[in-house]
Amino acid sequence: MSAIMVFFNDSNYRPFLLTGFPGLEDSHPLISILFCVLYLIAFMGNITILVVIRVEPSLHSPMYIFLSMLAASDLGICAATLPTLLMLFWFNIREVDFDGCLTQMFFIHVFSLMESGILLTMAFDRYVAISNPLRYTNILTNSTIAKIGVGLLLRAVAVIFPGPFFIKQLKFCKANVLSHSYCLHPDIIKLSCSDHRISSIYGLVIIVITFGVDSVLILLSYVKILITVLGIASRAEQFKALNTCVSHICAVLLVYIPMLGVSIIHRFGKHVPPVVHIIMGYVYLLIPPVLNPVVYCIKTREIRTHILDFNHFSVTASNSTSTHFTAFLLTGVLGLEDIQIWISVPFGFMYLLAIIGNGLVLAVVAWDRSLHEPMYLFLAMLALNDVILCTVTVPKILLIFWQGPSLSSFAACLSQIFFVHALFPSESAVLLAMAFDHYVAICAPLHYTTLLTGSLIGKVGLTLVVRSVVVVTPGVLLILCLHFCRSTIIHHTYCENMGIAKLACNSIAPTSIYGLTAAFLTTGLDFVLISLTVFQLPSKEARRKTFGTCGPHICVILVFYTLAFFSFFTHRFGKQVPRHTLILLANLYLLVPPTMNPIVYGVKTKEI
């Protein structure tokens, strides 16, 4: 027990400092644009593959299930590295605490090892499909695939888990500057001032018995595949068989070549310029997640076809008949169609204010180093959340107001539902974090900078994203389980969970109950915690000081939660409320907070 307590007590360890591009610090915000584009491609590409494989029954075969595992591991690598990269390039927050660094290192290496194992299983899949096609479905059953998936996860965790413990035994003296914007095992042990041979040898052994063995087995699989293919009489059949392996070969090369390059440079490239180390590190982590979905979309006809035809989503009714539709029809504000063009004027003006206002807040916080404090970093998170929320909803709303009812594909509707319902609890959580920030600033000012460190703020930001994704994803999956056999007309200006669910012809009770539960466990709980934070202050003087210094934050909370609860209760229980009132209220709920937040903070916060 004492050993475990020592492991989790990092008071004896100094935080590490992350490194971007030395000498180009002033250009980090511009460089971040490239990284953001790459991450966006990686996230969208891999999520698209996961969604297409999930909703298309014809793709529920071993090859595509393994491909979905590869996409999931790529998403894991991106999620593990993105927070520290954005912290560094956007806000120049270089510090990451010791245990936070070890945690990131653990997940990066676990997902990398899983990716290698998945590529090996995909090679085995191709070998069985080509060498023994008649027994393919009998060998690779669903239970076998599930066991393989669990086995890969357990192998990765079991192999990587001792690594952080070995690092904990090392002593770190003065050097604490890492050579990347994320934490890697070889990078950390180089900073040790004690003998790190055990950690170094362990890392080398892991590479050999995992990546090394995997690569050898993949090579042997393709030797066997080549022997089998050469035994086929028809050249056309030979070409067809080999063509099914091209995507996998590309994926293997994309993973193993950068991995080999990074391993060689880290261990033997003492005279290689630091910038080469940095670039190779980014290539190793970013190129596979970005290019894997691109390669599979281009080279795999089934994936490409289903992505192109995804708008023609087929949903089966409970009577086993199918209703085919290409899209939902969003009608706009029911009953006010003739004046929608006039309604668009204030909505368009509010959207413009929201984008410009929040964009200015982000720019000011990013460029002014004096604002790189917890309060303003949380404000930047709020502004970013508002910009994304407006962008995924308002352009479509304005299009409907200007041109009338508009079609929205099933995939587009699901995407909009995901982002809308993920961004609301995210905004609520940012407001909670800001309340905690004010609480610490008022009640423990001497400990403020030690409690709210850059690494803690990074963890808070990551937690907000993870919480939103974890809470919202099951709701979207529940919609995929519904059967649609009625109208495809949604009397609204954007896609939202219950709007689509009400079109289903089977029970929507699970969707409705989950939506209520998620709302109370996120937005509702956040509101309770914010209230407790304010009203449990130790004295009347502290409360008076809170209302004096926290005016902007309290205004923002009131705007957000008043609209949130009013919209929620009228939608759930306001059956007598006119439909156009509900729709307008839902639109105001989307637009008013993003519009008002930068105005409130701009007026009430002297520094901004």
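Just so you know, the numbers here start at 1 and follow the chain as drawn.
Each Cβ is built from the backbone N, Cα and C atoms, and glycine gets one as well.
It should be emphasised that the depicted structure is a prediction, and the values quoted were computed from it without experimental measurement.
Look at TrEMBL and you will find 30-53, 105-124, 145-167, 201-233, 245-269, 275-298, 341-365, 377-401, 407-424, 460-482, 513-534, 581-603 (among others) tagged as transmembrane segment. Here TrEMBL flags 45-296, 357-601 as domain 'G-protein coupled receptors family 1 profile'.
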- Message: How about the transmembrane segment (245-269) with the transmembrane segment (105-124) - do they touch, taking at least 3 C-beta pairs under 8 Å (6 or more apart in sequence) as contact?
- Response: yes
- Message: As a test: from 201-233, 275-298, 341-365, pick the stretch that has the greatest number of Cβ pairs under 8 Å with the transmembrane segment (145-167).
- Response: 201-233
- Item | Cβ contacts the transmembrane segment (275-298)/the transmembrane segment (30-53), at least three under 8 Å, sequence gap 6 or more | yes
- Spatial neighbours of the transmembrane segment (201-233) far in sequence, C-beta under 8 Å, 6+ residues away: 113, 116-117, 119-120, 123-124, 126-127, 130-131, 155, 159-160, 162-163, 166, 185-186, 189, 241-242, 245, 249, 252, 256, 259, 263, 267
- Item | Close approaches to the transmembrane segment (341-365) from elsewhere in its chain (Cβ under 8 angstroms; 6 or more beyond its ends) | 91, 333, 371-372, 376-377, 379-380, 383-384, 386-387, 390-391, 394, 397-398, 401-402, 584, 587, 591-592, 594-595, 597-599, 601-602, 608
- Message: Using a threshold of three or more Cβ pairs below 8 Å, and leaving out pairs closer than 6 in sequence, do the transmembrane segment (581-603) and the transmembrane segment (460-482) count as in contact?
- Response: no
- Item | Long-range environment of the transmembrane segment (105-124) - Cβ separation under 8 angstroms, sequence gap at least 6 | 63, 66-67, 69-70, 73-74, 76-77, 80-81, 148, 152-153, 155-157, 159-161, 163-164, 182-185, 188, 210-211, 214-215, 217-218, 221-222, 248, 251-252, 255-256, 259, 285, 288
- Could you tell me what the rest of the chain brings near the transmembrane segment (377-401), counting residues at least six beyond its ends with Cβ under 8 Å? 90-91, 93, 330-332, 340-341, 343-344, 347-348, 351, 354-355, 358-359, 361-362, 365-366, 408, 415-416, 419-420, 423-424, 426-427, 430-431, 433-434, 437, 457, 461, 464, 493-494, 556, 587, 590-591, 593-594, 597-598, 601, 608
